[in-house]
Amino acid sequence: MGASENLGQGPPPPHSRKRARELVLGLQDEICNELESLDGGQSFRTDSWERPEGGGGRSKVMREGRVFEQGGVNFSEVHGEELPPSILNQRPEAKGHPWFATGTSMVLHPRNPYVPTIHLNYRYFEAGPVWWFGGGADLTPFYPYLEDARHFHRVHKQACDTVGPELHKVFKPWCDEYFYLKHRGETRGVGGIFYDYQDGSGVLYKGQNSEGPAAQVSRELGPHPKSWEQLFELAKACGKAFLPAYVPIVEKRQEQAYGDRERQFQLYRRGRYAEFNLVWDRGTIFGLQTNGRTESILMSLPPLARWEYGYVAPADSREALLTDLFTRPQNWFEDATLEERCRPHQAVD
């Protein structure tokens, strides 16, 4: 691989900002068009906005759809002179450089409790010679179906493998680690992939838990330098994995009959989703610190949620299986006990 491919931490290639912008903007359009067809009841309302300090974005929101109770797909392209603390804490060498960030983020809250909530985010950042890619997607079911979790992970592993077979080995446990509610002692859902600060240097894990599973796997694998082009292709492959990873699950579950019990549990679990986004999510913190558009930053929150003091799922119930198994990191492909635990609760198709 020649130096022209920009392996490692060299400067970004020409037109890097334009290409990153076009990638995430294209993902927003492609995904929204497919979701409108899937919903068949509502369209996305588009709001374009400008950021006084520099840049702007485009938010697309669907409300009261046939399939999606609420969904938001946001694109932003922002720039400025002064970096926020959330970035400088991670990359102090970026201090003093004008910065640029672009990305697309999405959260869909389906109406039917048997259809999982999903989140996606892919982004690119530059500040002088400093650049990196970040992103990921994760699935939050309210009722447990083993094959849905396996399908979602399988499609994203295949996307990562197009760039390097080592990537998913780190990005899967990193996702489990990132989408973790420390105050609840549980993950937000069944995970997926998550990566950040991928600057080509070869260190795959750049999170905050140096003793966690993702960090351990990253150390065992050693450095795997990547070019800007390879990391661009990773974002492209993973972004395009969204529809084949999620649409078949929606199509399979959206017509399943449900009652008030399922709806109430869905709303209760949505409360956990809101807790994570408001307390732990770095994207929310970055947006608020940089005077982003509040409506777009908080559009990931569910339209309805509820809290119940001291709630415990009934013993040996589907709700208990969700809480005990599907909010804990799992080896979805190699753990033979998962089927044994799921089958008595109709969680195996």
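From the backbone N, Cα and C atoms, a Cβ is placed for every residue, glycine too.
Residues annotated as active site, proton donor in Swiss-Prot, with sequence analysis given as evidence: His119. Look at Swiss-Prot and you will find Ser105, Asn121, Tyr122, Arg123 tagged as substrate binding site, backed by sequence analysis. The divalent metal cation binding site annotation in Swiss-Prot covers His109, His119, His153, His183, and the record cites sequence analysis as its basis. Residues or ranges marked as region 'Disordered' in Swiss-Prot: 1-21, 37-60. Taken from Swiss-Prot, the feature region 'Important for dimerization' applies to 273-308, supported by sequence analysis. Residues or ranges marked as site 'Important for dimerization' in Swiss-Prot (evidence: sequence analysis): His183.
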Inset, instruction - Provide the number of Cβ atoms within 10 Å of the Cβ of His109 (divalent metal cation binding site), excluding the reference atom itself. - result: 25
Legend entry - Recorded substrate binding residues, Ser105, Asn121, Tyr122, Arg123 - maximal Cα separation rounded to whole Å: 8
Inset, instruction - Find, among the binding-site residues listed as Arg123, His183, the one whose Cβ has the highest number of other Cβ atoms within 10 Å in the structure shown. - result: Arg123
Inset, instruction - Would you mind reading off the Cα separation of Asn121 (substrate binding site) from His109 (divalent metal cation binding site), to the nearest angstrom? - result: 15
Inset, instruction - Check the region 'Important for dimerization' (273-308) for me and report the mean pLDDT. - result: 89
Legend entry - Pairwise CA distance, His109 (divalent metal cation binding site) versus Arg123 (substrate binding site), rounded so that it is a whole Å: 22
Inset, instruction - With an 8 Å cut-off on Cβ-Cβ distance and a minimum sequence separation of at least 6, pull the same-chain contacts of Ser105 (substrate binding site), or say none. - result: Val73, Asn74, His119, Leu120, Asn121, Arg123, Gly283, Ser300
Inset, instruction - Could you give the residue numbers and ranges of same-chain residues that sit at least 6 residues beyond the region 'Important for dimerization' (273-308) on either side and whose C-beta is under 8 angstroms from one of its C-beta atoms? - result: 47, 49, 51-53, 57, 59, 61, 63, 69-70, 72, 74, 76, 78, 80, 84-87, 105, 107, 109, 117, 119, 121, 140, 179-184, 188, 264, 267
Inset, instruction - Fill in the CA-CA distance, Tyr122 (substrate binding site) to His183 (divalent metal cation binding site), as an integer in Å. - result: 27
Legend entry - DSSP-derived structure type at His153 (divalent metal cation binding site), helix or strand or else coil: helix
Legend entry - CB-centroid shell, 8 A cutoff, substrate site Ser105, Asn121, Tyr122, Arg123, site residues removed: Val24, Gly103, Thr104, Leu120, Gly134, Gly135, Gly136, Gly283
